[in-house]
Each structure stands twice: as C-alpha cells, then as structure tokens.
Amino acid sequence: MKGEKQEIHRIKPIRCIVKLGGAAITCKNELEKINEENLDVVSSQLRQAMMPGRSPSMKVLGMDWSKRHGESEVSCNIDDFVHNANVDSSRFVVIHGAGSFGHFQASKSGVHKGGLDQSLVKAGFVATRISVTTLNLEVVRALAREGIPSIGMSPFSCGWSTKEKNIASADLAAVDKAIDSGFIPVLHGDAVLDKLQGCSILSGDVIIRHLAAHLKPEYVVFLTDVFGVYDRPPTEPNAVLLREIAVGKDGKWSVVKPELQNMDKQVETTVAAHDTTGGMETKIAEAAMIARLGIDVYIVKAATNHALRALSGELRDKRDNIPDDWLGTVIRFVS
C-alpha cells in the first residue's frame, strides 16, 4: 500500500560479511596500484567459502565478459553456463577499503573535513569518487572471474549520507534486493554528503558495522595486511598478537588471550599520513560494536590459509576452542 515501507523477506540468513582491507588488496604506498596477486587469492578463497558444496573439479564459470588489458579478445563461453547447473552460493556481503585509491585525493583536498563551497574540496570529492569506484570495479571483476555473482554498490549512489561523520541515512533496500536476487553486494569506502559539513569520507569499517546491525550475519571477517591486532605496531620488536578480545555490554573491550604483563596498557596503533579513515584504531572500535551485537569478528591476514579457515566458518564452528594453529584475532561479546 502507498506510504507503507516494503520489507524484504530473505529466504536464507546472511552467513558472513567480509571486509577486504585496502592495505591487503592494494599496494598502499604506491598510488592507485592493486596488489593483483593478493586480490586473486582472496577472490579464490571467497569462492571456496561461498560455494562449500562445489566440487574442486568443477570448472570456474567466469562472469567478467569484458576485455582485459593486454588481451585481444573477450573471454566468454556461453555454452559453459547452458550445460552446467547453477551452483548456489552462501549469502555473503563484501566491503572493501580504499588503500592507495582515494585516500590521496581526499587528504590533499580536505574532503573529509567538509566544505563543498570550496572549489578544491568539490574537485577533490569528484577525484576521490573516481578513484574509489575504479578500485570497486576491479574488485568486482576479480570476484566475477571466480564465478561469484558480484554487484558493485557505491554508498554515495545508494543514498548514504553522514552527519558529523556518523551515518545519517543509508537506504539499504538496494542491498536487500540484490541479496534476495542471489547477488553478492560489493560496497566500498566512499566520499558522501554530510548534513552539517557538506561532505565527508564514509569508511568501509563504519559501513560494515551498519550492515552487520541490519543483516545480522553469522560472523564477520576483516581481511588485513597483518595477522590480526597486536599490542603495538606489528613492525616493532616483540609485538604480541592478541588472540582473543572480549567486549562487554558497555562496549569496553579487554584482552583475554594472551595475558599481557601490563593489562592497563592501551593497544598502540599507527595511522598512515594519507589515511582519512582512522586505520586500525577505527577497525578495532567498529569490530567491538559489531561484537556487542552477538556477532563474532575475526581479524586475519588476507590470502593465507588462516583467512580461508575464518571465511569458511571453521572458527565459528569451534568458537569455544579456537585452534592453537590459527593465527588471527577473535573479537566476541562476553555477557
């Protein structure tokens, strides 16, 4: 009826929301350069996790029917799809960071600080969106080549906006409909309009927390360029990998494993000079808010067997006894 909000009733629950860290899929210190090797491995592992019933001998039916750089022809064999049964995929949602895409343009122009009335900021807003949507297309193509029915969805184009850098509005109808139709939505950090300062940068970590509250997945996986959360920058000597972090009802978190000598010591984080989204500190804060919803969060190094085990749901199945040979950080709610 007119004026009533239409609800989408999903046939299956969402299994997992995945965050592809920008530093894991791009060469973060080289402007707009994709880490193609990592992205290919991540895409392959996502296929394995999304399609657990698929036989290893089954041919991958690629869905990127466009010409690739350096190739003369379009790769497409329609007969493969006609003569193969459709393989149902688990319900996943993918969000990726920007890495070496977008951050440079945003920081140079001050988009994250607002001020669309300034020509530099407006130009930077356009430049930032060109950069991040370019990366989004390449991520979607990489997933599509693995037979994953992925659909790129930009927050700006879907009507997401902020107020004082917090989400003010997010039309999730398009995401719901894409999922209900059997697609894998692929969102990304984006330049969006802000109700008070004109514009801002909406990070992928904030997006994933908002989607987790709406979609209520079984678990969430952050794929990063390091093995997890450390007690100090992992490049420093004697940095300790935090295996398990507990989040209480008040949102405060504490390290459960391993037992640190100085439990009052705050976890140290570093943020790259051009990173306008807060880096690891934002990631931990958003992960803690997701855990408060009763959703386990795994932070793990991308393109490793540890990542595949997290993506496949193995750790959730063994949540009371995380294997000692798994490297990563578990963040979960403790009542």
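Glycine residues also receive a Cβ, built from the backbone N, Cα and C atoms like all the rest.
Note that the coordinates shown come from a computational prediction; the quantities given were computed from them, not determined experimentally.
Per TrEMBL, the features are as follows:
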SITE      Lys28  site 'Transition state stabilizer'
DOMAIN    86-300  domain 'Aspartate/glutamate/uridylate kinase'
BINDING   Ala98, His103, Gly204  substrate binding site
BINDING   Gly99, Asp225, Gly279, Lys283  ATP binding site
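Sequence features annotated in TrEMBL and their locations in the structure.
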residue : record           : contacts (Cβ under 8 Å, 6+ apart)
Gly99   : ATP binding site : Gly21, Gly22, Ala23, Ala24, Ile25, Thr26, Cys27, Lys28, Leu135
Asp225  : ATP binding site : Gly21, Ala23, Ala24, Lys28, Lys301, Ala302
Lys283  : ATP binding site : Gly21, Asp205, Phe222, Thr224, Ile299
Local Cβ density at Lys28 (site 'Transition state stabilizer') - other Cβ atoms counted within 10 Å: 22
Taking residues Ala98, His103, Gly204, which bind substrate in the record, the widest Cα spacing (Å, whole number): 12
Model confidence over the domain 'Aspartate/glutamate/uridylate kinase' (86-300) (mean pLDDT, whole number): 89
